[in-house]
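Chemist: Annotations for this protein, taken from TrEMBL, read as follows:
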TRANSMEM  21-39  transmembrane segment
TRANSMEM  51-68  transmembrane segment
BINDING   Lys110, Glu111, Asp140  UDP-alpha-D-glucose binding site
Amino acid sequence: MANPFQFRPPLHTRVLMRRTSAYRVFAIFYSFAILALLYHHLIHLLHSPNTLSFFILLADVLFSFLWASSQGFHMCPTDRRVFIEHLEHYVKESDYPGLDVLICTADLHKEPPMGVVNTALSMMAYDYPTAKLSVYVSDDGGSKLTLFAFMEAARFATHWLPFCRKNKVVERCPEAYFGSNPSSWFPETDQIKLMYETMKIKVESVVEKGTIPHDHFTNEQEKQAFSRWTDEFTQANHPAVVQVCFNATPKLLIP
């Protein structure tokens, strides 16, 4: 009976780099040079014992040990190539494990919401079964401005995620992607970029002002979400507020 694993394509390849042989030859000559130096120090110490010679020998022994202990990383340098597209030959997509991603933030001034938003968007656009991916954002600072940023991000995600999957975008962080080489862009990129820039300006304006204008709420559900914030809320003392911002897979929850 034929082995079912025999004809499956490899998941990765491993090839020694061209410089491996040259470095090994260099390491051999360098080792002999070190041994010769240590021998010279030892003979000098035996014939003319003094404290300075002893410490010079000790220092060279220490440096030689550090050099020798690091050679394991250089003796076998390899060039690896991964074939993600071959994964389907080893495991079904339905058998992938569930993946929960937790993103933490605490201070909207030290960790601007747009930075956290970009992290969440890049994770939600990850090349993984959407039904098995959940992204949780924990804001220990309890800021409603962070929640506002992610509500805006959820609306943008309805355009960004399909765009990434349709065009197989590798750089899934919007800020990084739109700052990349324009040659990798697609016909709808300019429209998606305009949506992102509009969202970014809106969020940063709200963060700068410290308040959310009422005309920024698009529906009654959003107003009710922010109504839970009271004047007693502080960064160090606030109750837990859980809000589902993107109620479709992948899920984005703000606890």
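Keep in mind that glycine also has a Cβ here, set from the backbone N, Cα and C atoms.
Because TrEMBL annotations are produced automatically, they should be read as predictions rather than curated entries.
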Chemist: Within its own chain, what residues at least 6 apart in sequence put their Cβ under 8 Å from the Cβ of Asp140 (UDP-alpha-D-glucose binding site), listed in sequence order?
Modeler: Cys104, Thr105, Ala106
Chemist: What parts of the chain pack near the transmembrane segment (21-39), using Cβ distances under 8 Å and only residues at least 6 beyond its ends?
Modeler: 57, 60-61, 64, 67-68, 71, 74-75, 77
Chemist: Restricting to the same chain and to residues at least six past its boundaries, which positions have a Cβ under 8 Å from a Cβ of the transmembrane segment (51-68)?
Modeler: 30-31, 34, 37-38, 41-42, 44-45
Chemist: Determine the C-alpha span of the UDP-alpha-D-glucose site listed in the record, that is the greatest distance between any two of Lys110, Glu111, Asp140, in Å to the nearest whole number.
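Modeler: Among the residues the record ties to UDP-alpha-D-glucose, max Cα distance equals 13 Å.
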Chemist: By a simple count, how many Cβ atoms lie within 10 Å of the Cβ of Lys110 (UDP-alpha-D-glucose binding site), its own Cβ left out?
Modeler: 9
Chemist: Write out the long-range same-chain contacts of Glu111 (UDP-alpha-D-glucose binding site), meaning residues 6 or more apart in sequence whose Cβ is under 8 Å from its Cβ.
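Modeler: In sequence order, the residues whose Cβ lies under 8 Å from that of Glu111 (UDP-alpha-D-glucose binding site) (at least 6 apart) are Thr105.
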